[in-house]
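First up is the structure itself, then whatever we jot down about it.
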Amino acid sequence: MLTSAWHHACSLVAGACAANPLGPLQDAIVWQGRGPRVVAAAGIGAGLALCGAAMQALVRNPLADPYLLGVSSGASVGAVLVLVLGMSVALPAAAFAGGFAALVLTLVLATTRGGGLSPVRTILAGVAVAQLASAAVSFIIFWSAYGDSYREVLTWLMGSLGGVSWQGALLALGATVVVGLFLLSQASTLDAFTFGEVSAASLGISVTSTRWVLLSASALLTGVLVSVAGAIGFIGLVIPHAVRFLVGERHHRLMPVAALAGAIFLLLADTAARSVFSPREVPVGIITAAVGAPVFAYLLRRRARA
């Protein structure tokens, strides 16, 4: 019965398409304009939410995400550098290198004398590294970017899905699927880190090496996503928190739902970016920041009262 219903539905859709075929203009709008944009939004939103959930567990701080740990800003340094040099083909590699370097610097600054990782120091170190990276980006733009190059870099820094191609969209989606499956396979390890380094070590987990591997995977994914659409902030912070209210702390449930919620959130944000001020388009990073910044302030306030 289900099979026959499925075939009937497919025949109706096929008949409708045959009766009303897309013209060249509509085909270009759907497949070359909207198609890659939707795929990229879903992949990037899901990927940033996954990275945020993983980082919050690994550094034991609910305020951690790729943006606040300096990873997104570090990736921006590498990406802007290759953009102003006209080497766009190296964008993903440069973004990953910058993000990974920023992550290493953050963890070095946050590590205590005993070798542990302080949650508070991690956030403070991340903010410091992010500011340093922002200064580096401003310096590169000031000395190197002008004309069309300046506009391209500025739009990219705000976070935009407007110029995403199928190649970039599939790169973002593919990276999210691969790294996301890896992080999901480590759900029990992330659960252990949530309870602290001592608890993780008592379960036979090599705390230092495991943390580096998982954070490196998150940095790799962040670098790829930043290279496609620029620095889109606050998704990795807001979405995991919202999902925890629905499914709890266990990562085998948290990660898939966070990925789905992140994809939906960025799709809605991109729709708002295209339509709210039509015919002008707002960079989607402005929309996510407008939503994420008040939530971040609320979390800080709530944490101070705890």
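Including glycine, each Cβ sits where the backbone N, Cα and C put it.
Note that the structure is predicted; figures quoted are calculated from it, not measured.
According to TrEMBL, the feature transmembrane segment maps to 38-59, 93-111, 123-146, 166-185, 192-214, 220-242, 254-276, 282-300.
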Beyond a gap of at least 6 residues from its ends, the CB atoms lying under 8 Å from the transmembrane segment (166-185) belong to 32, 35-37, 39-40, 42-44, 46-47, 50, 54, 92, 214, 217-218, 220-221, 224-225, 227-229, 251-252, 255-256, 259
For the transmembrane segment (93-111): best-contacting stretch of 123-146, 192-214, 254-276, by Cβ pairs under 8 Å
123-146
Sequence-distant residues near the transmembrane segment (282-300) by C-beta distance (under 8 Å, 6 or more away from its ends) are 41, 62-63, 155, 158-162, 229-235, 237-238, 241, 265-266, 269-270, 272-273, 276
